[in-house]
């Protein structure tokens with residue numbers, strides 16, 4: 001019977017995968033509450049894999065990877081901190097596509113300026129959405145008054 005040869009790369013990957021599966025099994029046995037939030041791994045892992053592959057070859061995967069990782073971060077923070085979404089954390093979901101597009105823009109050899117428009121708009125919407133949760137009541141009124149004044153100036157500006 002011929003002897004099978006295993007390359008060092010595959011044996012290292014095999015050992016690593018085995019250790020990860022054993023650690024996961026031990027974690028589930030000794031920390032049963034781990035299963036309550038286990039679903040988050042189904043968002044984190046594909047996002048990390050896409051980012052890894054985007055760095056290696058396929059730059060287009062930065063968009064999907066960036067979106068998944070930002071959504072995974074928002075969901076993880078929502079699980080970790082009660083009231084995270086109510087206090088403005090939901091704006092991270094708006095920011096997710098902007099993060100992916102920004103990664104694509106920064107990683108791409110040619111820099112298509114058309115990507116900057118959705119990046120800017122989505123980031124602006126997310127930041128404006130966060131303002132009420134970060135500022136006091138008077139600061140919000142001040143920001144609102146400034147925006148109204150700016151809008152009036154735009155309307156009255158002569159061409």
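Including glycine, each Cβ sits where the backbone N, Cα and C put it.
Noted in TrEMBL for the protein shown:
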TRANSMEM  12-31  transmembrane segment
TRANSMEM  37-54  transmembrane segment
TRANSMEM  61-81  transmembrane segment
TRANSMEM  87-107  transmembrane segment
TRANSMEM  114-132  transmembrane segment
TRANSMEM  138-156  transmembrane segment
Sequence-remote contacts (6 or more beyond its ends) of the transmembrane segment (61-81), Cβ cut-off under 8 Å? 37, 40, 43-44, 46-51, 53-54, 89-90, 92-93, 95-97, 99-104, 107
In the same chain, who gets a Cβ under 8 Å from the transmembrane segment (114-132) while lying at least 6 residues past its ends? 88, 90-92, 94-95, 97-98, 101-102, 104-105, 140, 143
